[in-house]
Each structure stands twice: as structure tokens, then as C-alpha cells.
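These notes concern the structure reproduced below.
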Amino acid sequence: MPNIVLFSGSSHQDLSQRVADRLGLELGKVVTKKFSNQETSVEIGESVRGEDVYIIQSGCGEINDNLMELLIMINACKIASSSRVTAVIPCFPYARQDKKDKSRAPISAKLVANMLSVAGADHIITMDLHASQIQGFFDIPVDNLYAEPAVLQWIRENITEWRNCIIVSPDAGGAKRVTSIADRLNVEFALIHKERKKANEVDRMVLVGDVKDRVAILVDDMADTCGTICHAADKLLSAGATKVYAILTHGIFSGPAISRINSAAFEAVVVTNTIPQEDKMKHCSKIQVIDISMILAEAIRRTHNGESVSYLFSHVPL
């Protein structure tokens, strides 16, 4: 593809390389380093004048450092006269801080949106935003892609009893997500209502729906410490489910997450590779990964060529 340059940040170079390979491109030359006072330095190693630039950087790992690196890369390309700069952020940072849910709470997702715009981003590509209203925090185009087509494909190919499954949301907020998947599989859905007093602490769960003698598939956009989904798995098994799977777009898996998954009765915990999972897979055999590089690559190709991206909302590109 002419007049396009693809750069990778430090957060997820494996995913960036997969995207580049699918597009038939070489990753652009960029050198990032830290000064002795921990300031981030970025040097773009090739001309971007008049080019359509895409920078892939996920909101994971050292999130604050990686966010700052992304902002500097965007700005460096912008002031080097690139025609357009698109930030490809598979897992959007600070997405859970999307509303003022208590006195004096910041809306940090809006702040991140402002920072990306001020840095010079012309367009954002992301996946399964924790709160879809974050798109409205921007005054530039935002394409929020969905892992759902890839999830449906994985279910059909890997769960032999998928016609006897029930799709379960671990909280009321995910009801729209699970009903969409259930409708497309032509199966039923259920949800778990949770009462939470503190972040990452689940106090009480109420199952709404009948899971008896069915394969239960928990679906959510992300899991952090995994307290919710592990409690949900116990709830589903006690309610008569024959097997329990969890499918998540963003597997953050911090703190006690891995030990909780190992102790829980999951057949598998399936995540996409919006966040690197290689190290976690070494400590947990239940984790399986869906590659979404083809979705990002096709979104980049369509954006560059001025084509519609909405096809990707319902199809997995080859």
C-alpha cells in the first residue's frame, strides 16, 4: 500500500508485527528510550512527510509510560508533516474511569481523549471500549471495533456442545453484549446481578436465568483481578451448569488473577491478544488466545483506502 507508514510502540510489539505481516508492510523505524531522569525519548527513524501514519500502542503493561510514549510518537509524526496520524489502541487506557461515580472523582478517560487530540491524533482505532460513550469524548473520528465475530468463530470451532450452551453476563452492564452473541448463536442467555461494595470485591451474586445441564459461557469485555468471573463460575456450577468457559476481550490479569483462574473450575479462559499473554500462559494452562490482528489490519487497510469499516462489526476477515 502506498503512502502508509506503520509504527509500533513498546507495549505490544508482537501484535504490531502480526498486523504489519498481514498488511505486507515493514514496521517503521522508531527508537524509544528513557533518559536518566526517566523522561521518555522518541526518535522517528524515517520520513513521514505526506504519509498516512498508524501507531499501534495498547494500554497495558507500564500504562502511564506507554501512554506518554504514544503521545510523543503522535506529536513527532504530526510536526514532521504527516498527512494523517491514527492511533491504534487495542486496549484503551483508563477506560474504566469514564464517569463521575462519586464526589470529586475525575473522568480520566475524557482526559486521555483530550491528550490524544492535543498531541495531534486525527483518528482513533480501538476495540471493545469498556464504555461506548468514550467515543463521545473525542472530537475526532473513533472506530470502536468488536471482538464478537472472532469470539463467535472460536465458540463454533472449539466448543463441540455450543448448540447446548447459554451465554452469561457476569454483570447487568454486559447484557447487551451477551444478548447479541446469544442471538447470533440462536441460544439463550443469562446474567448475574452483583452487589459490589468496594472495587475488585464482590459481595453477593444473583443468577437470572436457567443454566441447568448446559455449557455456560461467561462473556465480558475485560477481567482484571478475576474475582468476579471466578465467583460467577462457582455460581454457575452450583446452579447446574455442566461446564463453564470465560471469554474476554481484554485479559488484564493483575494481582491474584492467575492463581484464582488456576483454582476455579473453568474449562478454559479465552482472551484476545489486545494485551500480551505469553508470560501469563506459562503460569496458567487454562488461558487460550484469540488472535485479533486480522481485524486491526483490515481496519487499517479499509481506513487507508477510504472504505467502510462497519463490515468488521459482523465478519472476521481472512
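Glycine too: its Cβ is placed from the backbone N, Cα and C atoms.
If you look up Swiss-Prot, you'll see R96, Q97, D98, K99, K100, D101, H130 marked as ATP binding site, on the strength of similarity to another entry. The Mg(2+) binding site annotation in Swiss-Prot covers D128, H130, D139, D143 and is backed by sequence analysis. Per Swiss-Prot, region 'Binding of phosphoribosylpyrophosphate' is recorded for 212-227, and the stated evidence type is sequence analysis.
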Taking every pair from R96, Q97, D98, K99, K100, D101, H130, which the record gives as binding ATP, the longest CA to CA distance in angstrom is 15
In the region 'Binding of phosphoribosylpyrophosphate' (212-227), averaged pLDDT is 96
Among the binding-site residues D128, D143, the one whose Cβ has the most other Cβ atoms within 10 Å is D128
Checked against DSSP, the composition of the region 'Binding of phosphoribosylpyrophosphate' (212-227) is 1 helix, 9 strand, 6 coil
Most Cβ neighbours within 10 Å, among the binding-site residues R96, H130, goes to H130
In three-state DSSP terms, D143 (Mg(2+) binding site) is classed as strand
Binding-site residues D98, D101, H130 vs D139 (Mg(2+) binding site), shortest C-alpha separation belongs to D98
In chain order, residues whose C-beta lies under 8 angstroms from the C-beta of D98 (ATP binding site), counting only those at least six residues away in the same chain, are I107, A109, K110, H130, A131, Q133, I134
For D139 (Mg(2+) binding site), the number of neighbouring Cβ atoms whose distance to its own Cβ is within 10 Å equals 9
K99 (ATP binding site) and D128 (Mg(2+) binding site), compared by Cα position, are separated in whole Å by 17
If you tally other C-beta atoms within 10 angstroms for each of the binding-site residues Q97, K99, D101, the top scorer is Q97
Rounding to whole Å, the Cα atoms of K100 (ATP binding site) and D128 (Mg(2+) binding site) are apart by 21
Those same-chain residues, other than R96, Q97, D98, K99, K100, D101, H130, found with Cβ within 8 Å of the centroid of the ATP-site Cβ atoms are A95, A105, I107, S108, A109, A131
